[in-house]
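These features come from Swiss-Prot:
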ACT_SITE  Asp321  active site, proton acceptor
BINDING   Lys27, Ser28, Arg32, Ser174, Ser175, Gln176, Ser204, Asp321, Lys348  3-phosphoshikimate binding site
BINDING   Lys27, Gly100, Arg128, Gln176, Arg352, Arg394, Lys424  phosphoenolpyruvate binding site
Amino acid sequence: MNKHYPHYLDLQPAMHAKGVVRLPGSKSISNRTLLLAALADGTTQIRDLLASDDTHVMLMALQKIGVKWEQIGESQDYVVHGVNGAFPVHQADLFMGNAGTAIRPLTAALAVTGGDYTLHGVSRMHERPIGDLVDALNAIGTHIEYTGEPGYPPLHIQRGRIHAQRMQVRGNVSSQFLTALLMAAPLMAREQDVTIDVVGELISKPYIEITLNLMRRFGVEVQRDGWQSFTIAAGQRYISPGIIHVEGDASSASYFLAAGAIAGGPVRVEGVGKNSIQGDVRFVESLQQMGATITMGDNWIEAKSNGALRAIDADFNHIPDAAMTIAVAALYADGTSTLRNIGSWRVKETDRISAMTIELRKLGASVEEGEDYLRITPPAVIQPAAIDTYDDHRMAMCFSLATLDGAIRKGSKIRINDPQCVAKTFPDYFTAFAKVTEDSLF
């Protein structure tokens, strides 16, 4: 959060990657937990909340709408005083940065509870779609208007009148739209059941599992019919569990586990393990397919390898964020790798399919860019390059891996432009990466 990086970082080639990394808290769990704790009856202590731009945005927004919270000393433990479903402040201007995990659930909660709210963010946020969520909410009587381009933030929310207990939302753009409706549903289900129907295929299902798991911890059960229909029975409300612990971020784990797979390892991450509620732990299955050895404990995962990585051809619909790590690991494979069903990359922090294609080509890779797939053929030699990061934390973290020496080809000197963007989810990333690669960065 308050770590300041220079305008660029030069990373030197690294022969080895080994060590132990304590992961920061999960972004997905942190922002969901903050909103649920705010909506709950009672006071919640949140342990190991992620310190990042995205969680800061959520904390500031909650404060502006009257939710009281305190940080415990210098720790990442917070106390949130729940408002039992009724935000005390009914008029606010809320800056949401580029945090999809904040703006989408908050939009639904504020539209359902009612008031006069404006939500806006950085310019990229105003290019990230929110129309499916707004359509679903307005169809049942909320009052949300676009103040810029239709279908995108900024948004102006006014008090509406909810008149229906069944709603529909498309599932193929972002699972965060369904997450937002699910989290707001108990606020509408005071006297009648609420049902949410998903139109079309639902992407990123593991993120919905995180949502349902956390709602359960706050006392709300959701009945689901496959992945097409979700029902919240009447009369349920959020009740504080007292204390809730935030797991380490499984998406952040992917870079270090990939480093262990590429450069031998062993690299161990702590804070997430075999019982994780995050779907991104399944990233390790891809590393295993590529030839890495993975071991898992209750609260740790370790990766190592003893040679060349195999090329992979796989569907990554279920783990789109962690799949970016595979795109760079593919530089070290023995042939052409194909990442399929990654269309959601195009509406993330940047158009990640386009950005990944441009930057991998700088390193010498041959890349075929499809609408929802990437086909990556590694270069004979990884070329030194200055990598642009597109204000996208995952681009910066992924491409650090191109410095590693693998069994088939060696890493190169890599310049990361605008390394500060990692503050979105992992402010200390480059310090942690330098530790496992024994690079004297700072």
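Backbone N, Cα and C atoms are what each Cβ position is placed from, and that goes for glycine too.
Structure with Swiss-Prot features highlighted.
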residue : record                           : Cβ within 10 Å
Lys27   : 3-phosphoshikimate binding site  : 27
Arg32   : 3-phosphoshikimate binding site  : 26
Gly100  : phosphoenolpyruvate binding site : 25
Ser175  : 3-phosphoshikimate binding site  : 24
Gln176  : phosphoenolpyruvate binding site : 24
Ser204  : 3-phosphoshikimate binding site  : 21
Asp321  : active site, proton acceptor     : 25
Arg352  : phosphoenolpyruvate binding site : 25
Arg394  : phosphoenolpyruvate binding site : 30
Lys424  : phosphoenolpyruvate binding site : 23
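Using a 10 Å Cα-Cα cut-off from Gly100 (phosphoenolpyruvate binding site), the recorded positions that qualify among Arg32, Ser175, Asp321, Lys348 are Lys348. Note: the Cα of Lys27 (3-phosphoshikimate binding site) and the Cα of Arg394 (phosphoenolpyruvate binding site) are spaced 13 Å from each other. If you measure from the Cα atom of the residue listed as 'active site, proton acceptor' to that of Lys424 (phosphoenolpyruvate binding site), you get 14 Å. Take the CB of Lys348 (3-phosphoshikimate binding site) and look out to 10 A: across all protein chains shown you find 23 other CB atoms. In this structure, Arg394 (phosphoenolpyruvate binding site) is part of a helix by DSSP.
Cα distances from Lys348 (3-phosphoshikimate binding site) to the binding-site residues Arg128, Gln176, Arg394, Lys424 are smallest for Arg128. On its own chain, Arg128 (phosphoenolpyruvate binding site) has Asn98, Gly100, Tyr152, Pro153, Val347, Lys348 as residues at least 6 apart in sequence with a Cβ closer than 8 Å to its own Cβ.
Looking only at the binding-site residues Gln176, Arg352, Arg394, Lys424, the one with its C-alpha closest to Arg32 (3-phosphoshikimate binding site) is Gln176.
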